[in-house]
């Protein structure tokens, strides 16, 4: 029997819609993940345009001449008195081998860690959101000076300076008082008063005698000047004699 006869059917005469063949699976490279990772590594955020907000440089920090040049390290002076390092051991010297120690380093280290004092972290402060850290102690944020015992106390050198100034002022005042006492008024004794009075009278007599010896006619300028001078001297001497005779007690400046 013909095998094609079994496939014959009346329904095969009905025209059927053509079906498109299924598409093959989409190609996916096996290196896709590797390529993505390489691209992410090569990229950097804000690399071409820079960060959004940047601190503006201060005009005081301008670029100075030779500031970009490399500076040599400070020169060290060679000291010949410094002892030399120990010599390198010879090739023939062999170190002692086989020495062993019975110390248990594991237990020793564990005991040192348990009994030791924990290391305190260094105090710092952060001033930006990006995490810039600085030492806290030299920043001035810690009230270090107001907690000192000698805070608000006058320094010792100022107290010493004030004492020296006070002592110098006292010495100066004492010197002035001594000079005032030396220059104080002293009283004339009766003998001294009488001697002064007699001396003034004697001077008056001499001036009066000279005045009496003048010519009768004063017909020249020198004669007039001489007469006026003698009259003034006699008048001053008479005034002094009158004061001394009037006052029995007289004080004079002590210039000794």
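Any Cβ shown, glycine's included, is placed from N, Cα and C.
What Swiss-Prot records for 83-89 is motif 'SH3-binding'. Secondary structure of the motif 'SH3-binding' (83-89), assigned with DSSP and counted as helix (H, G, I), strand (E, B) and coil, comes to 0 helix, 0 strand, 7 coil.
If you average pLDDT over the region 'Interaction with TRPC proteins' (160-255) in this model, you get 87. Look at Swiss-Prot and you will find 160-255 tagged as region 'Interaction with TRPC proteins', backed by similarity to another entry.
The domain 'Enkurin' annotation in Swiss-Prot covers 160-252.
Sequence annotations record features per position, and here Swiss-Prot assigns domain 'IQ' to 176-187.
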